[in-house]
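Quick notes on the structure that follows.
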Amino acid sequence: MSIKTIKDFDFSGKRALVRCDFNVPLREGNITDDTRIRAALPTIEYLKSQGARVVLMSHLGRPKGERNLKYSLMPVAKRLSELLGQDVKMLPDCIGDEVATAVSNMKNGDVVLLENIRFYRQEEENCNDFAKKLSQNGDIFVNDAFGTAHRAHASTAGLAAYLPAVGGFLMEKEDEFLGKILKNPESPFVSIIGGSKVSSKIAVLESLLPKSNVMVIGGGMAYTFLKVEGHSIGKSLLENEYIDVAASFLKKAKELDVKVILPLDHIVASEFKEDSIPEYVDAIDIPDGKIGMDIGEKTLRKIEEVLVSAKTVIWNGPLGVFEFDSFSKGTAKVAEYVASCSGITVVGGGDSVAAVNKFNLSEKITHVSTGGGASLEYLEGKILPGIKVLEK
């Protein structure tokens, strides 16, 4: 999809109303990970350099339409001031006379941050009146919050009815790389899809199947596919109601000549607990009473083998119970293999992104997506409301 970007407009002396995703983790009022704030810097710096008056807005947490200081963006304003090397004024609200006065007093290159837009329930209701009030803070609407692009909220979609709408650099980058995956990926194209449930990933699997040369299926959902193929899976996760769906998917993969890689060996445990003792099973079949928790060495070697020649790779979702250290090796190793691949590599989805960040590999990945649910819906082929309003 081709979107309008900030380079398509002259921002000199204009008020740029920028929707960012500053939904950062906080502990006792302190930011524990500022990745999302840093991701917005290129857009903010560019707008400043063009002489814009930059008005930033975001949500933080789930205040459920009520003013709750626990979810104030004050810590974000403080961190932004440090990163930008200038004072970022924190405004007491996101609409109203006090905000209007502060915005009208801005000079070119100034940056202010509006208070949490989710202090108003009308934000998530995509209320026209609220979007109109927000629009009074800007001349041009810039959406740089890909992480919320799948939500039709006042600040992600509704504003486009009242202001010219463009995408920031982060939005443009997400659209470019995820779009490339869906439209014309260079072959060989390898899709690695993990996660616990077939039900939550089947739409992505079906969307990527016709474009893939090889598809790796891992995580808890792999056991439903192994069951379809006649293997015993012990006490591993099984979605009985998705047996037919999985069977039909494997049949379609065969018809399309897509090589599907399922686990060839396993790391298992007797109980689904963090302190369970890992046991290795050198076979596709899992013994009775055992639960599949991670992929084994044979499976990892097979994945490494297909990634060596891959020209395009998309990885979404963990290959094992990544949150338990004893069962995180499969996901960690796949992160290494993807990082070593010489082709275009795109990683999206909470746990796969966490793995890449945990092992300091993000610099070696072509594109690490900032959107969890948004990335997933984009890869499913859905039209995202926050991107649709930016189309050329």
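In case you wondered, yes, glycine gets a Cβ from its N, Cα and C as well.
Under the heading substrate binding site, Swiss-Prot lists ASP21, PHE22, ASN23, ARG36, HIS59, LEU60, GLY61, ARG62, ARG118, ARG151, citing sequence analysis as support. The annotation ATP binding site is assigned in Swiss-Prot to LYS201, GLY292, GLU323, GLY349, GLY350, ASP351, SER352.
Classification of GLY292 (ATP binding site) by DSSP places it within a strand. For the pair LYS201 (ATP binding site) and ASP21 (substrate binding site), the Cα-Cα distance reads 24 Å.
Closest in space to ASN23 (substrate binding site), of the binding-site residues given as GLY292, GLU323, ASP351, is ASP351, taking the CA atom of each residue. In this structure the C-alpha atoms belonging to SER352 (ATP binding site) and ASP21 (substrate binding site) are separated by 19 Å. Long-range Cβ proximity for HIS59 (substrate binding site), meaning a same-chain Cβ under 8 A and a gap of 6 or more residues, is found for PHE22, ASN23, ASN116, ILE117, ARG118, GLU123, THR148, SER155. Residues ASP21, PHE22, ASN23, ARG36, HIS59, LEU60, GLY61, ARG62, ARG118, ARG151, recorded as binding substrate, reach a greatest CA to CA spacing of 18 Å. Cα separation, ASP351 (ATP binding site) to ASP21 (substrate binding site), rounded: 19 Å.
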